[in-house]
Amino acid sequence: MRKPIYILALIAIFLLGQDWSARAAEYIIVVHKDNPVQRLGIEEARNIFLGKQLRWPDNSSITLVMNTNDDIHEKFTRELLEKSPVQLSVYWKKILYSGSGILPLAVRDDEAAKSYVALHRHAISYIDKNSLDHQVKKVAIE
Amino acid sequence: MRIISCDLFKLLWVDGSIRTKVRACMLIALVGYFIATVSSFYSNSQQAARLASLQTIHFPLARLSEETLNIFRTQLSKYEDAFLTGEAEQVLQANKLSSQIMLLLMEMEEVAAGDPSFFFENALIDDLGERYEQFYRLAAEVYLDTQSIETSLEMQKTIQFLGNLQTGLLQDLIKLNQHLGQNVEQIIQKERQYAQLNTIFLGLLFLLVLLSATFISRCFANRQLIQPLGRIQQMVVDFARTRKISPPPPGSENDEINQLATSFWEMTQELEQTMVSRDYVDNIIKHMSSCLMVLSAELTLSKINDNTRELLGYGEEELLGEEISRFISADTAELFQSRGVERLARGQDVSNLEIGLLTKERREITVLFSASVMRNAEGQIDAVICVANNITERKKTEEVLRKIEIERALAKTAALAAIGELTSSIAHEMRNPLSSIKMNAKMIQRMVEGRDATVAELAEISSQQSLRLEKMLNDLLSYGKPLTLQISRTTTSALLNGALTAVRQEIVAKEVNIEVVDQTDQRSLLLDLELMTQALSNLILNAVQWSPAGETVKITARFIEEEYASRLLFEIRDKGPGINPEKIRRLFQPFFTTRQGGTGLGLATVRKIVEYHGGTVSAENLPEGGALFQLTIPPQMPAGPGDDQQIT
């Protein structure tokens, strides 16, 4: 009677130790295809999405597009920006309240994000890894 | 600097009394004090004005600014909460603060308007008021409904505009608050520095004023008081040292110091005319050939000259204060006491008293001592001025001369004695033949009387000539004998009476008047009365014989003071024809006569008697006519007074 319990416990431990990332949503940062930027440092990417860096290296104005798809948005804010989605929202409201900036453009899903980025040369957004296609260019994060 | 000093002195010259000068000194000090006080008052009032501005403008502005900033921060916090949380209540609470902020800004504007120097702050506060009014009106509206903020870009921009507006307001309020706070701090710091500088300035000013007042007072006092007093002091010193004194510069009649200097100068001028300078007197005393001694009323030495010191051989300190009797020799002490001290005690002067002084080596020096009494204003004896002349050498010389004179006299006496003896012998031998001739002549005269007149007359002449020859022989015998003086005490009047009695018959016969002037005060004499009467009567007889009838023979007797002693002088003046000047020298020689029938022994006998008494006899013609015979003898012979003695 005890053996089946051990077995179940071992299975549970096994299952808990598995890498579920492959299965969970995984974001990538995308820009317009013509954007020369190929890769960004983590800090650089973090500054861009927190409104602290406003221009590309060619001095063009950066247009932020926030993908509010729940899974991607949450993963993106927690992993890259190290904030919760609520905290990020309050962060941007404070920026807005202080008058130092306005809220970034928000889109509902990956497709909308890709479309907007594809249409705007200086835009940057994040989408699910699996949603990447020819419309946009992935930027590696180092 | 010198020109300034001169001008300052001229400015400070006060031509007035000492009281005026002292008041001027006090006025200078008071002016200095007044300047220091006014400066201190001005400095304090300026500081008070600045502190009043701090109290009424700077502090209120800083306080209001701080309060406005705090309330605005509270308001912003509430708007932010409302924006983040969507709580309308927070907006309402924030809106309530707007009126307070506006009132505070208005109050600040009103306070800042009170000081023109707050122009910049006033403009800033006005601008803040306008901007805040814009802000709170928009904020009160916008923050009430921000639900669509994430979807409405317009609202986001409005919020962003509000954010910029409030951020600008907040920054400007902070700057203004900091500016006003710093302003207050700067003013306080400035006031502290100013207070320190003021303290130093006032200290330096006080020191400067003190030094200036002291310098000016010193210059003033030096010129007005010290220099004039110094001039007087110099005048006194110069006067004491008998230097020439310059007259004081002309000054005001009110200046007591100048008056004092003028009076002193006038006094010195008067004194110079009336007084012999002390140096002059000292010089006289120093160069006196005699010994000068000044005695106190107690006859102690109080001042001596160098000659006295050298004569006695003592130091000045050994002599001063000592009684003079200590230095009188024992031999002359009694004389000094009787004719010196006692006379001085009676206030009488002492002159030419021959005494002996004892030197330090106990050697006796004979001096002629004279002294006179110096009295003070009350008539009391103040001092006795004594002069002593050393006559030791002179005494020695006199002694030698006296011995020579005695030897000469002895030789002469011996010669005269020899001649006298010879003459007496001859006269004695001639007496008997002469008596025989006289008797024979008388007999012849008696025999021829009445018979032969011629023979009788010749016999008469022979008889008279015999009598004359006999008298001459008697006189010769008398002159030739040595005299033996019978010294006795008598007076001048006795001497004169005796002499006049002896020649009374001749006086009556010649009808000549006799005038006797006796000025001897009946002083006692010691001499041979008989011989001296004979000598005096011879002189009177001579005068009577040469005087015309009716004329007066004047006889004067008086004492004369010679160098060392007094002598008795008889003067016999006649109105006769006088004496042949060529014969005056021989007048007292034996056998010399100018009178018909004279033997030539009368005046010689006078001289012999007088010389035996130590006297002299002389004759001279008077300018008015007639002859003067002078006879001097010591009033007392050297033999002891009181006792009759025989001197041969």
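Using the three backbone atoms N, Cα and C, a Cβ is placed for every residue, glycine included.
What TrEMBL says about a protein is an automatic prediction, not a curated fact.
As the structure is a computational prediction, the values presented were derived from the model and not from experiment.
The domain 'HAMP' annotation in TrEMBL covers B:223-276. Positions annotated as domain 'PAS' by TrEMBL: B:277-348. Marked as domain 'PAC' by TrEMBL: B:351-403. Annotated domain 'Histidine kinase' per TrEMBL: B:425-637, in sequence order. Among the features that TrEMBL reports, transmembrane segment is placed at B:21-42, B:200-221.
Here the domain 'PAC' (B:351-403) is broken down by DSSP into helix, strand and coil counts: 12 helix, 30 strand, 11 coil. Remark: secondary structure over the domain 'PAS' (B:277-348) totals 40 helix, 12 strand, 20 coil, with classes taken from DSSP. Counting residues of the domain 'HAMP' (B:223-276) by DSSP class, helix then strand then coil, yields 37 helix, 0 strand, 17 coil.
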